[in-house]
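Asks: Dropping the structure in here first, questions after.
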Amino acid sequence: LFGCSSVAQTVLSRNTLGEPLTIHLGFTTGLIMGVYIAGGVSGGHLNPAVSLAMVMLGKLKIWKFPIYAIAQFLGAFAGAAGVFGLYYDAFMDFTSGILSVTGINATAHIFASYPGRHLTILGGFVDQVIGTGMLVLCILAITDTRNIGAPKGVEPVAIGLIILGISVSMGMNCGYPLNPARDLGPRLFTAIAGWGMEVFR
């Protein structure tokens, strides 16, 4: 909610109430608060890629993975719906009621990541592997009890700093889509809410 809301505020105000750094801080804050909220129940897994890595490392039982992934997807879908509801009037004003994926008044990118015009399919793949790999590697370093890690209770802030670091250094290609649920859930919401199937092209 914090992340997509920060993008919405920036885009819909035509950059008068936000900029790239405020977007990065919005996503960082959202992740930190999400881990604090869900950390005691699920370990703070908000990302299927991270959950899958934990399954592969034996830190999460495989039967839990589908439950986590569905919950992550539904949470992202609900967050997108919340942002659309919060800024509905601003969306209608900005777009004159025509919700589009491309063009001068495009707004689908508020909810999901779209590749830059310069990006090839291979470049997009490499972007995802490096960004998500760094995210998982750094989370493992923070949560490894044999490592220096982070003091108890500060782990969510340390993990949030990973997102901030990735966002300010690896966001140019696609906007750092590190979380499949955070992309697919809102993308499906936009398809249903009026942007149509073009969101999947």
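Backbone N, Cα and C atoms are what each Cβ position is placed from, and that goes for glycine too.
Unlike curated entries, TrEMBL annotations are predicted automatically.
Pulled these features from TrEMBL for this protein:
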type	residues	note
TRANSMEM	21-44	transmembrane segment
TRANSMEM	65-88	transmembrane segment
TRANSMEM	94-112	transmembrane segment
TRANSMEM	119-142	transmembrane segment
TRANSMEM	157-178	transmembrane segment
Asks: Count, for each of 65-88, 94-112, 119-142, 157-178, the Cβ pairs lying under 8 Å from the transmembrane segment (21-44), and report the range with the highest count.
Replies: 157-178
Asks: Cβ under 8 Å to the transmembrane segment (157-178), counting only same-chain residues 6 or more beyond its ends: which ones?
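Replies: Distal contacts: 20-21, 23-25, 27-29, 31-32, 35, 44, 47, 49, 109, 112-116, 118-119, 123-124, 127-128, 130-132, 134-135, 138-139, 142, 150.
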